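Below is one structure, written out as structure tokens; the observations come after it.
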């Protein structure tokens with residue numbers, strides 16, 4: 001039986017399985033696919049990765065906040081995380097979704113919360129990446145990024161190759177000298193807004209990698225796909241793009257040896273390290289993004 005992307009996306013939305021994962025799954029996931037239940041418990045993992053030459057970006061799992069109070073709590077938690085990264089001298093960025101700061105509640109609330117976060121990030125020179133979510137929230141997310149990029153240096157965002165609009169988005173952002181993380185995309189979207197065929201997504205991914213790098217902007221190529229890694233290496237070689245102009249990003253717990261090999265080859269390699277109790281939906285979406293990762297994922301989860 002071929003395990004498909006839609007299968008994992010279906011599982012990611014299961015309330016029952018999510019509840020089960022919260023109740024007992026964190027013991028399995030912690031240290032295998034997530035750093036821990038909170039940021040402080042993830043610090044030893046960050047230190048270990050840093051000692052191997054790997055940079056990190058941390059992400060507190062859990063989005064779609066529907067309370068202003070919870071959104072402000074998430075904001076304060078993020079501010080404390082940034083301060084701790086600086087105090088502990090960890091080589092780490094911070095990633096966060098705008099829905100966790102109140103995107104679905106009130107835009108003024110999001111701007112209030114992001115202003116506080118980025119003021120702290122600028123003070124400590126810690127990069128904050130605004131994660132991209134589903135297509136219906138894409139424009140609002142990009143508008144937020146554009147507004148803050150005009151005022152702050154330490155802010156980046158994410159673009160998804162499976163959306164038709166992404167090449168134009170890169171053109172629209174060009175004047176801001178943006179640091180972009182480029183991904184294929186993991187949400188289930190209509191054929192009206194996204195490429196339905198993997199081959200088309202792959203070709204568009206190459207196209208946006210090429211455009212962003214040749215535009216001269218720092219780029220994070222977030223992929224486990226060897227073909228995309230090799231494409232990026234060859235592109236950089238052909239156009240004389242220095243290794244300090246881009247980085248590769250991979251998920252914690254997947255393809256660890258490949259990550260270390262890239263470091264040995266002289267490439268920047270950053271590990272996406274999530275933490276928190278809401279790990280199940282994240283895990284299923286990552287498998288949906290590339291079902292072949294299932295072997296790497298479960299090997300990592302069962303390794304002692």
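Quick reminder: no glycine exception, Cβ is built from N, Cα and C everywhere.
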Same-site FAD binder from 119, 160, 212, 249, given that Swiss-Prot records 132, 184, 185, 186, 223, 224: 160
Where residue 186 (FAD binding site) falls in three-state DSSP terms: coil
Winner by Cβ contact number (other Cβ atoms within 10 Å) across the binding-site residues 160, 223: 160
Pairwise Cα distance for residue 160 (FAD binding site)/residue 131 (active site) [Å, integer]: 10
Proximal but sequence-remote residues of the same chain as residue 131 (active site) (Cβ under 8 Å, at least 6 apart): 59, 95, 96, 97, 98, 157, 158
